[in-house]
Amino acid sequence: MAFHPSNQRYSRFPVNDRSKSGSASNSPGSNPGYANTSAVVNHVNHEPPYALPHQFHNGVPLDKLHHVGVTQPFARETESHSRHHRGKSNFDNIRSECLRKGALFEDPDFLAHDSSIYYSRAAPFRIEWKRPGEIAGQYRLRPAFILDGAQRFDVVQGDLGDCWVVAAIACLTSPDHRELFRRVVPADQGFQDGWYAGIFRFNFWHFGKWLEVVVDDRLPTYRGQLMFVHSRQHNEFWAALLEKAYAKMYGSYEALKSGTVGDALIDFTGGTCESYTLRGDYENVPRNIVNILFKALDRQSLIGCGINPLKKQKETKLSNGLVAGHAYSITDLREILLMTETGEIPITLIRVRNPWGDKVEWKGPWGDESREWKSIPQAERDNMGLVYRDDGEFWMEFKDFQKNFDTLDICNLTPDAPVEMPKQWHTAEYHNRWQRGYNAGGRQIHTNTHWTNPQYKVTLSDVDEDGDNVCSFLVQLMQKDRRRMRQKGRKYLYIGFLIYKVMKGYTVPFKKDFFESNQSVESSGHFINMRQRVARMTLSPGEYVVVPCTWDPNEEGDFYLRIFFENRGRAEEADELSGRDEVPLPSTPVEHGTEDTFKRMFFNFSGEDMELSPHELVKVLNDVLKKEPLHSDVTIDACKSFVSLLDVDNSGKLGYTEFLYLWNLLRSWKKLFYQYDVDKSGMLNSFELRRVLGAAGYRVNNRTMQSLIFRYSNEQNQISLDNYFTCLARLMKLFSKYRDNYFTCLARLMKLFSKYRDNYFTCLARLMKLFSKYRDNYFTCLVRLMKLFSKYRDNYFTCLARLMKLFSKYRDNYFTCLARLMKLFSKYRDNYFTCLARLMKLFSKYRDNYFTCLVRLMKLFSKYRDNLIYLPCQTHEAVQ
């Protein structure tokens with residue numbers, strides 16, 4: 001049987017299997033961090049390795065890098081992030097201070113104590129914490145951070161069940177991923193003089209941000225040996241320190257027990273991980289899985305795999321050499337053609353590595369020293385990097401791989417990854433929370449609450465290059481901080497997501513009626529109690545809504561949603577456009593009676609002044625409401641809100657006409673309350689508040705709705721009639737306040753713009769830059785605009801020309817003011833003359849009344865504002 005390699009497939013992972021030296025350099029000036037760096041540091045007059053460009057810090061964009069300080073037990077942001085790291089980092093400051101004092105750093109947030117290892121039990125034996133110098137000294141060696149460059153053979157698993165972490169670290173050490181490794185393990189640290197102060201740092205991705213975690217180098221040992229991850233070399237410590245920093249981020253070493261390779265790969269790269277089940281009841285392997293793997297390797301993706309544990313057992317060695325309940329990493333994939341008498345036979349081989357790094361390897365076909373290799377010329381074996389040694393790495397045929405392994409994880413890198421990729425993903429990300437009684441609606445079977453879940457609108461326009469007229473994208477849903485909270489009894493929720501197509505006749509966000517009559521077009525599959533759910537989708541161009549949810553309603557938790565587009569796409573949170581719709585009130589004061597009877601009731605309670613104070617109003621309303629079957633008293637606070645709402649003359653009381661209007665208003669509101677009180681309990685379910693407010697004519701955004709529920713619901717997420725009345729009265733007053741005072745409204749909007757100019761409200765930032773001359777004086781800005789209108793009130797063509805000139809000044813640069821405005825006027829974006837004509841007509845109609853002109857402009861902006869900036873954002877501040 002002859003052999004020749006196929007020229008159609010090849011691995012992008014060159015193999016460097018050189019053996020390491022058994023000892024470190026004893027030169028105090030040498031740099032053990034990375035191979036061949038000592039010459040640069042010692043013999044060339046360069047800046048120290050930590051003097052990096054301002055734009056990046058160890059390969060991490062500065063606006064992505066955060067710190068773990070020494071005053072909190074877990075990772076957190078510090079002020080240095082807000083300053084964009086223009087000064088030294090937390091690590092630099094601590095190291096400099098320790099070097100100045102001649103002391104070694106001792107981390108007060110991750111103590112050298114049993115509690116840093118176990119949170120559920122006491123240590124089973126006496127643990128000693130030793131520094132690398134003490135450990136290496138036992139072998140008469142000097143400690144080194146990294147020896148001869150980091151390689152996958154460095155990492156050996158210890159007694160902790162974190163093989164998923166070890167396998168991910170092994171993936172990270174691939175020669176093609178050197179920059180990824182440097183981002184996680186910065187090079188400007190080691191044990192040489194002038195650097196060593198007992199402190200080390202590592203960077204981890206944590207839900208959209210890069211965190212710098214600093215630790216001391218005291219490591220847990222038993223009988224002088226490292227207990228957990230360690231290197232084959234007795235004096236190499238980068239892997240052990242990396243594991244310690246990772247354990248600190250999650251609270252303890254024990255928190256790292258059990259996990260998936262994909263979880264660790266995400267934390268080390270910031271990418272998204274696709275998970276496939278290779279066998280069993282939930283098998284979901286696509287037919288083109290080999291092509292997916294080849295493309296993943298070409299994109300520099302990191303790949304891991306695993307075998308499920310046997311029943312009631314942990315890691316178990318199998319007769320074929322594999323280990324059940326264990327995680328592995330994939331380092332190469334080859335397709336070869338074997339020449340036989342009947343022709344060519346294609347064979348796909350995959351290279352897998354056991355993180356134990358020993359002789360526990362695959363014993364089947366194509367394993368080390370198997371007879372199949374004899375049919376391959378030695379030159380080709382060398383080309384594939386085949387070396388027979390007990391290093392935990394082995395080859396096997398892909399069909400055997402599918403038969404023996406259960407899980408496969410592919411970590412796709414993000415555009416900001418420090419590696420060169422021919423093609424990059426386009427991403428959008430969102431942070432949100434499922435909150436009990438508000439938006440934790442559960443899966444689609446819960447029809448009364450599912451519609452309240454957060455919704456995200458996705459627009460697909462650019463089809464894939466394969467000509468199938470479909471758009472490919474990935475959706476990643478992650479629940480946040482659950483592993484870290486495991487020691488507090490918090491477990492992973494069962495999570496998933498569904499995707500619905502936007503149908504004609506329905507507005508986004510979808511209401512309850514949509515979900516009652518429409519099914520999802522895609523989903524994440526089974527709801528699973530794991531850290532994340534990821535699914536690859538191919539859908540036709542159009543608009544869709546992604547709904548992340550938990551299995552049951554009222555399950556609280558923070559989540560992080562990311563959408564990866566193969567081609568350019570658009571995603572936005574589907575939020576309600578706040579506003580008020582006029583709802584007709586009943587025309588008669590009472591259902592059965594005369595106006596004389598109604599007046600007589602008013603006069604009986606109003607007293608000699610013929611007006612109702614809040615205290616008198618309480619008596620009137622409760623006297624009437626006590627006849628209701630589910631009576632609930634109206635409080636004095638609610639009545640004060642009613643008086644404040646309708647007291648036009650500021651007398652603090654209501655006259656007959658004002659009371660008549662209030663009476664009709666309350667009748668209308670009360671009717672809606674009992675209409676949506678489905679269980680007839682006299683209380684309103686907080687999930688239904690949005691529907692009730694909508695029926696009353698009020699549309700509020702998600703943030704405001706969350707504040708209303710927090711303010712007016714009880715511990716059981718129920719809203720009483722009294723609180724319901726108060727809520728509507730406050731909303732009505734708030735909307736009326738800004739409807740009748742547009743100059744104040746504009747000033748408040750400008751203030752709001754200023755408040756969020758550094759945030760994601762990019763519309764504000766663009767406008768603020770355009771009017772940068774007046775950004776600190778909003779009234780002056782308005783006055784100047786008014787003056788411009790006034791100057792050209794008899795010549796609107798000139799006025800428009802001046803405005804267009806002002807806009808055009810910025811249309812070609814970063815602050816695309818014109819583009820933003822044209823987006824607001826999207827109806828006319830393809831016809832500029834029509835747009836100008838409409839503006840001219842608007843200006844002309846109100847040329848003698850510029851306040852009215854501004855009002856109409858504001859209304860026009862509001863109509864097309866695309867849910868970015870809007871007036872009732874202020875309602876959030878008001879209800880707090």
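Cβ from N, Cα, C; glycine included.
Listed features, source TrEMBL:
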type	residues	note
COMPBIAS	1-10	compositional bias 'Polar residues'
COMPBIAS	21-33	compositional bias 'Low complexity'
DOMAIN	104-414	domain 'Calpain catalytic'
ACT_SITE	C163	active site
ACT_SITE	H326	active site
ACT_SITE	N354	active site
| To the nearest whole angstrom, what is the C-alpha distance linking N354 (active site) and H326 (active site)? | 9
| field | Three-state secondary structure, N354 (active site) (per DSSP) | value | coil
| query | Non-local Cβ contacts of H326 (active site) (under 8 Å, 6 or more apart, same chain)? | reply | C163, G306, I307, E315, N354
| task | Please report the number of other Cβ atoms within 10 Å of the Cβ of C163 (active site). | result | 24
| note | Under a three-state DSSP reduction, the secondary structure at C163 (active site) is helix
